[in-house]
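As recorded in Swiss-Prot:
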BINDING   GLY94, 97-98, THR102, 104-107, 122-130, SER134  5-phospho-alpha-D-ribose 1-diphosphate binding site
BINDING   GLY94, ASN125  anthranilate 1 binding site
BINDING   SER106, GLU239  Mg(2+) 1 binding site
BINDING   ARG180  anthranilate 2 binding site
BINDING   ASP238, GLU239  Mg(2+) 2 binding site
Amino acid sequence: MNVVTPNGGDSVAARSWPGLLNPLLRGEDLSAEETAWAMDRIMSGEATDAQIAGFAVALRAKGETVDEVTGLVRAMYAHANTIEVPGRTVDIVGTGGDLAKTVNISTMSAIVIAGTGAKVVKHGNRAASSASGSSDVLEKLGVNLELTPRRVVEVAEAAGITFCFAVKFHPALRYAAKARKELGAQTTFNILGPLTNPAQVRSQAVGVADARMAPIVAGVLADRGNSALVFRGDDGLDELTTTATSRVWVVRDGVVREEPFDPRDVGLPIVPVEALRGADASYNADVARRLLDGEAGAVREAVLLNSAAALVALDPGTGTLTEQLAAKILVAAEAIDSGAAKQALERWIAASNA
């Protein structure tokens, strides 16, 4: 079987699971074509649970490369329901897996970003490391997520923000669900969501809980020509966090540059993670409403910072990274304080339920 990838390349037909697993067990890297072949078999429903689990564990134990993850992403896109949203778009998302059970910072940030006038196409799913996932909270806020791909695009045009529910746009991932659940461990699959937005956005802010995977994610985005900020809190959060210092991988013009970041450098205090702790979807939705109504505190500060990260990815402006983030924090704060962010959510609710 040939695997036709989105960039037009074909993989070599004569491959086998032993031909991939044995090199991985010897610590040898695979090519993008080889991992694309494996993912194509998985997403076609032609791989057994044992083959899926063996591949996922062997790849993670060996340590993924940019080429290997790129191959997985290409195959996922080949099986995805992709969409085209006109104009410049941005996404903000975390990989999950930090086990911190925080409120939905990236989801609230997406609404704030839309309030600044940027067009947001968020890609998300049920809970990974938050107490509830982005989709759970958005449904509690009144956003209708049960939309066809065409309606998802229409909502983006009408409201300036839309949501791609992963299970609807990547239905072939169901073939890996049983093996992933039975493994119960973090594998490469956990970082593929942020790399496979169905709208193929070109600007992203991506939080990565796994320190080893953050530069890999940045490398994949760089190879695609995306503009992005990839980050990880030094305490393990998949956010540009206010609970600690962070590492940031700035992706621009095909180049990745790693920088340290301290929230105190933009005037934000370091707070305990308990200040960002969430609960169920109803609680987290209420936190979002209070944020949009102008409530001050640690949640607002974290949302402003992460909103700023996405705005920098979309349009960095001038100066150092710290200066860029400081400038965008002011833009995000104005979106909340003027009521524009709350209006963006109201437009989203109305458009998605029309």
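Quick reminder: no glycine exception, Cβ is built from N, Cα and C everywhere.
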Quiz item: DSSP on ASP238 (Mg(2+) 2 binding site), three-state: which is it?
Solution: coil
Practice problem: Can you grab the distance from ARG180 (anthranilate 2 binding site) over to ASP238 (Mg(2+) 2 binding site)? Cα atoms, rounded to a whole Å. | Solution: 21
Quiz item: Per 10 Å Cβ neighbour count, which of the binding-site residues HIS123, ARG180 ranks highest?
Solution: HIS123
Quiz item: By the DSSP assignment reduced to helix, strand and coil, which category contains SER106 (5-phospho-alpha-D-ribose 1-diphosphate binding site)?
Solution: helix
Quiz item: Which of these binding-site residues has the least crowded Cβ, counting other Cβ atoms within 10 Å: THR102, SER106, ASN125?
Solution: ASN125
Quiz item: Between ASN125 (anthranilate 1 binding site) and GLY94 (5-phospho-alpha-D-ribose 1-diphosphate binding site), how far is it from one CA atom to the other, in Å?
Solution: 11
Quiz item: Secondary structure at ASN125 (anthranilate 1 binding site) (DSSP, helix/strand/coil)?
Solution: coil
